[in-house]
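Everything below concerns the one structure shown next.
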């Protein structure tokens with residue numbers, strides 16, 4: 001419960017960095033009862049924020065930084081440019097960073113990975129055997145398998161360290177707020193409701209706690225805001241017990257280049273080997289759903305062959321509108337929330353409170369509601385004077401009364417246009433179809449489902465590839481139980497759309513945006529399959545895409561048949577005419593020996609066969625002529641049916657224009673019409 | 001419940017008075033009594049056989065509203081000339097520049113008809129055109145042509161080959177034996193002859209043992225002297241002849257295991273009979289053989305199958321033909337097969353213990369209900385009743401369930417008792 005209540009205020013802290021914060025008053029410890037600071041709570045339960053193991057921690061750190069960067073850039077309507085670098089740091093380098101001298105092992109037997117004499121004997125014997133085998137194979141001239149390098153015996157101390165750097169072109173942070181933004185967990189003040197990207201709203205703070213737990217090294221932040229002529233630099237860590245920032249250095253520096261945004265650097269323990277593919281998948285999927293952003297991802301290590309550098313370039317400069325903050329829908333609030341709204345409202349009386357703090361309650365409707373509440377209530381009564389019992393009554397009525405559904409205006413879906421471009425940009429599919437559903441409601445929260453289905457493409461596995469997005473961020477874990485996966489696997493009859501779901505390379509993309517995504521499980525990694533509103537919306541969206549694809553696929557199959565018809569028909573000519581000729585041949589011998597009588601016409605034919613006037617070649621020739629004719633007729637029919645002749649197509653690329661042009665945009669979910677002045 | 005109690009009371013004196021473990025054994029009368037009743041059955045069957053043979057009902061004499069199709073046994077020479085005529089017309093069509101096509105009678109279930117007067121399934125008149133110059137049919141047409149040519153070869157050389165042989169003559173074209181097998185049936189219907197007249201046979205599957213002497217390709221075979229395994233039923237029926245027997249009935253067994261038991265116990269010596277099994281679903285050769293025995297020896301046929309829907313289904317294949325080979329049903333079916341056991345009513349009558357009965361699966365029950373709709377079941381009210389008992393009790397039992405009273409219960413008690421009580425439907 002504590003989590004729930006403390007979560008909503010911080011959800012909106014991201015991207016609203018400029019707002020000053022009123023730090024929560026530290027709780028007074030008056031009795032033996034111990035109290036935990038939020039920072040302590042999260043350090044002990046870090047798995048609920050996605051920090052389960054070193055590998056996952058590295059992954060979550062990357063995604064928190066990247067999502068913060070996107071939020072920050074979008075909040076000032078700047079096309080995001082995000083650079084993320086992971087640098088592997090060896091143990092000795094790490095030691096030197098923290099000023100610890102490398103020590104040689106003196107007492108070898110003390111260590112976990114110490115090899116006893118017996119174990120060594122065993123290992124050497126095994127290696128010898130392997131070598132012998134390989135020598136044998138080599139002698140036989142067989143291709144040698146890469147000698148499996150004796151795996152480094154992994155001890156507990158093997159965890160590697162990584163420096164994660166993330167640079168964006170966003171809003172930046174006000175100089176004085178930086179310490180509190182990083183060094184204080186759950187430090188938001190603004191309440192409200194809107195579609196947010198963040199999974200936990202903990203952002204970089206959890207990463208800082210993790211770095212403190214694993215390396216003890218501080219976080220470094222450089223930031224500059226638009227119009228600022230200096231660079232804020234701050235090096236800090238967090239006092240976990242007191243939940244306050246511990247500042248090492250906080251200063252203004254000269255701004256060397258024209259730049260606004262933030263650059264955050266942190267050193268944490270992690271595991272690149274096991275989470276490499278997850279991180280890369282995450283970046284790729286993020287590029288799909290955010291085609292207007294440019295990402296540069298780098299992995300740097302001592303071994304240069306392991307280095308990775310990928311650029312996900314920008315494909316469009318149309319950004320979805322910033323999601324609007326909205327008010328709660330009456331059917332979505334609980335008792336605690338009503339109480340909080342009452343404490344925080346600036347409205348004086350009950351009527352105004354109902355009218356202004358909730359959506360879909362007009363003045364007349366508010367009056368009707370108050371009338372229904374009972375004689376203890378009146379429109380003019382001061383809202384702060386409501387008793388607990390009265391609040392329960394309001395809550396009950398909110399549950400039972402009928403309200404209009406909230407509109408989806410406050411949501412910011414990716415948009416069909418961007419989703420399509422994202423899919424094309426990252427997957428290069430042969431075919432793609434997208435669909436955007438209208439806003440629907442689940443428990444008072446509006447949601448919009450958008451879907452894309454692609455067929456073919458590069459780096460796509462055979463079968464179904466499900467890409468899930470919630471509030472425009474990819475979901476990678478716990479795929480099996482998710483509503484999208486389940487729907488795609490079980491409830492779509494792919495065959496009826498002429499799609500072979502085991503052979504074809506199918507990409508299924510579903511993006512759900514909502515003011516509250518109904519995640520399941522602690523990790524917030526999947527949306528449950530038990531919500532029928534969402535399940536049916538997902539199904540319809542995917543089906544709509546499939547319907548679009550079906551006609552395309554049918555045309556393609558038809559076209560392929562056109563091309564292959566003649567080849568297929570001709571392929572069997574020798575077999576068929578050979579078989580018939582053989583029978584005729586046998587008959588001629590019988591005919592010659594007068595064993596059988598035939599009528600004149602047949603006899604003439606047989607005579608021609610025996611005198612080689614008709615041979616297998618003749619039959620083949622005639623049959624080929626017939627095939628030619630049938631093929632021509634069918635091609636003609638196909639052409640008249642299609643009505644158009646296929647002309648060779650060329651790809652056409654339109655250059656993007658310079659920024660200086662003045663223009664007016666006419667937006668639509670599917671396209672943007674831009675009028676230049 | 002009351003019914004069951006009564007039965008138990010009846011059976012109690014038996015077990016008390018005798019230390020004999022086989023239940024119902026006391027009820028058995030001496031074999032001579034049973035034999036006399038069987039003789040009566042045999043004579044009745046042979047006289048009935050002659051009377052029906054006197055005025056055989058044929059498809060043409062029925063004057064059905066739909067024109068139906070059936071195939072006949074053709075001698076090799078006429079198969080050959082049929083193929084030759086067809087080849088000539090195909091060649092002419094090609095030379096005229098029209099390509100070629102076959103008209104293949106449809107063997108789909110929509111084109112099948114059960115004729116109650118004949119107690120058989122026959123094909124209706126629907127046929128489909130199989131042109132060469134069509135992407136969907138070009139392969140099948142070519143395979144049809146090739147199979148036809150191969151059969152022409154068989155006719156010239158007057159030899160038999162198996163379906164497998166046929167497939168291996170042109171693996172590259174046929175790709176898969178199911179394809180050449182299916183086309184083989186098509187060729188039979190195109191030419192209007194039975195599959196066995198094409199000289200293509202399936203591998204041996206069925207076996208026969210008991211009081212039967214016949215000649216196989218000129219060799220005289222005495223089926224009482226074939227050991228336990230019995231004589232494999234020859235795949236091509238036309239080399240079988242000179243059937244002689246002193247048996248009183250033919251016992252048709254569904255399963256190999258029950259067949260073994262009866263053969264080893266020399267059941268046919270105690271009650272003169274011929275025991276036949278096809279080890280499950282019957283193949284064409286076994287069906288032909290059974291029909292030949294029935295027609296030549298004029299013996300009654302008693303069937304011993306499992307008490308489940310599939311047992312009855314197998315019975316129906318012997319009796320009125322399979323859907324796949326319905327075009328050839330006239331030559332493959334054996335009329336008037338009696339259902340001896342194990343019938344659903346036997347489960348309680350012979351007190352088969354609960355642990356030997358199996359619950360029917362959803363699929364079983366569905367099959368059972370479907371069978372109730374079939375015409376060949378409906379015409380026999382006794383069968384309908386039994387099937388109803390099965391579907392209601394939702395229990396099935398295999399022949400082996402009788403082994404719970406001892407391995408020889410089947411041959412020592414169950415069958416003699418059944419025969420004594422003339423308990424067949």
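Cβ atoms are placed via backbone N, Cα and C, with glycine included.
The feature compositional bias 'Polar residues' is assigned by TrEMBL to A:1-13. TrEMBL lists A:1-36 with the feature region 'Disordered'. Marked as ATP binding site by TrEMBL: A:68, A:168, A:189, A:190, A:198, A:199, A:200, A:201, A:202, A:203, A:204, A:205, A:524. Feature annotation from TrEMBL assigns domain 'DNA topoisomerase VI subunit B transducer' to A:406-565.
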For residue A:524 (ATP binding site), just give me the three-state DSSP call.
coil
Between the binding-site residues A:68, A:204, A:524, whose Cβ has more other Cβ atoms within 10 Å than any of the rest?
A:68
Residue A:68 (ATP binding site) in three-state DSSP notation:
helix
So what's the average pLDDT for the domain 'DNA topoisomerase VI subunit B transducer' (A:406-565)?
89
Sub-8 Å Cβ contact with chain B: please pick out which of the binding-site residues A:68, A:204, A:524 have it.
none
